[in-house]
Amino acid sequence: MHSSSVLSLSNCSVLKRSHRNQIEKLSFTPLKNLRFCGLRNEILAFEFLKLNRCETQRVRNFLRNKIVSASVAENGNAPTSFDYDLVIIGAGVGGHGAALHAVEKGLKTAIIEGDVIGGTCVNRGCVPSKALLAVSGRMRELKNEHHLKALGIQVSGAGYDRQAVADHANNLASKIRNNLTNSLKALGVDILTGVGTITGPQRVKYGKVGFSGSEVTARDIIIATGSVPFVPRGIEVDGKTVITSDHALKLEFVPEWIAIVGSGYIGLEFSDVYTALGSEVTFIEALDQLMPGFDPEISKLAQRILVNPRKIDYHTGVFATKITPAKDGRPVVIELTDAKTKEVKDTLEVDAALIATGRAPFTNGLGLENINVLTQRGFIPVDERMRVVDADGNLVPHLYCIGDANGKMMLAHAASAQGISVVEQVSGRDHVLNHLSIPAACFTHPEISMVGLTEPQAREKAEKEGFEISIAKTSFKANTKALAENEGEGLAKLIYRPDNGEILGVHIFGMHAADLIHEASNAIALGTSIQDIKFAVHAHPTLSEVLDELFKSAKVTSHDHRPLSESVAV
């Protein structure tokens, strides 16, 4: 046995995992005067113990060729000393989360940003959209006379100031952006302004486009450049009458009639905003049903509550193959083409069109050709540990990609989780993120949330792997707090394995669904079985009891309380 003073080579970020595995088979103790490599303020030094001449020479050659030279043979002209332990390209939510965790781990960190701190989420996405949705929620409450009367409340006609609403969204974005910037500065993260370009192994240049810029070296690099709105061919965006979510969040005007192309998260949330503010909405969806990304049962219920009673109509199974902006008094013209026959089916004339067809990775100009990396539909290929894979299928040493740029899960909090996972790895602790435990939410009124598999996905997995699944459901109509709020419309759905109690998926539609989902997502992340979570205590009366009743209603044949095996990361 070695003494407690022995230091493991797994703490040295210069080493690849394969290198560490080989070295850790050998015995080392600290050697006072031999410097080897550093992580934070640690110095690792070693002395060979009980090795014969052949073994000693083999280890010396391995260290000289694979470690001290920083794998130059594999990496090309990689530097042997570095300006930073970690450089992050992109200061969105993913890059920010990675930077904060890196500082906590003692890594000297820099973050490169060519636009503004906060990225899409803070400036053109999650944050300002929630400000608009807060307004739409209040407007719905104040306009719902039946609801208010049931609570004994009388309110005169509600109205809004469009510019004040837009200012609220903009001010919130500015506040959060300043908070993120100040947090980075306070923790000593260097903010390097400019566009980041990888010039070679462990080298990044940053600066204004068209200028020479400055170059820094880093032991590890994370790409976190995010995404931009995806606009299909044939659609002409003018930023005024044909817009993307970037433009819509500015709320420069509220059209009488707006077409929304796409009925996913973005389209649904904006339909909630526009109808609350008085617009009529027409959805244009390429697939055969609205909200195709949600669990089908949740989609059906959501359509009944979020679409049918409101001033919303829809066309499914059609593409918006051509959209022409309004001009010279003419309306926006939309050409609809049948998704199956590819024949023009109809033409719409509306006041405005919002393109909500998803997002595309922002990976141009990163210098990926300098390290032999080819994107796939714009996405940077990575493995389960977010390590970048080159055109030959090999891992690019010391290079990672997180968030929308890798396409694994295009959510801001997923990017942050991936960034934290990468920092754990470069700090010497292996970590694989289970993406099936990451929740998602749509902030309509009521809200939709989900984690894990949908019912069709779970049934496909069960058939493939040879197990049974069961479904449990609870209604918000049975929840005291929901009834007190007169918000009984809602459903919670659990998809699970009855043989071992594994939670495969949870889907919620109802009041504060986005807040309720985390009990389920944490259970999946920690491998908690239904048998165990049934014993959790929930305050009464609270909405959390919806989940309490959901788990208690599940019928599990096994009564074992053993931790479930770790879920496979996707």
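Numbering starts at 1 and runs along the chain as it is shown here.
Just so it is clear, glycine is given a Cβ too, placed from its N, Cα and C backbone atoms.
Keep in mind the model is a prediction, meaning the values are calculated, not measured.
According to TrEMBL, the protein carries these features:
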- 84-419: domain 'FAD/NAD(P)-binding' (DOMAIN)
- C121-C126: disulfide bond (DISULFID)
- K130, G196, T225, G226, S227, D404, M410, L411, A412, H413: FAD binding site (BINDING)
- G262, S263, G264, Y265, I266, G267, L268, E269, E285, G358: NAD(+) binding site (BINDING)
- 438-549: domain 'Pyridine nucleotide-disulphide oxidoreductase dimerisation' (DOMAIN)
- H540: active site, proton acceptor (ACT_SITE)
Spatial neighbour of T225 (FAD binding site) that is closest, considering only the recorded positions C121, C126, G264, I266, H540 and their CA atoms: C121
Cα proximity to L268 (NAD(+) binding site), best match among recorded positions C121, C126, S227: C126
E285 (NAD(+) binding site) versus S227 (FAD binding site) - Cα distance in angstrom: 22
Around the Cβ of L268 (NAD(+) binding site), the count of other Cβ atoms that are within 10 Å: 23
Tally of residues which DSSP labels helix, strand or coil - the domain 'Pyridine nucleotide-disulphide oxidoreductase dimerisation' (438-549): 41 helix, 29 strand, 42 coil
Long-range Cβ environment of G264 (NAD(+) binding site), under 8 Å and at least 6 residues apart: M291, P292, G293, A356, G358
Alpha-carbon distance [C126 (disulfide bond); M410 (FAD binding site)] in Å: 12
Number of other Cβ atoms within 10 Å of the Cβ of K130 (FAD binding site) across all protein chains: 16
In the chain carrying the residue listed as 'active site, proton acceptor', residues 6 or more apart in sequence that have Cβ under 8 angstroms from it: T480
Listed binding-site residues among G262, I266, E285, A412 whose Cα sits within 10 Å of C121 (disulfide bond): A412
Local confidence of the prediction over the domain 'FAD/NAD(P)-binding' (84-419), expressed as mean pLDDT: 96
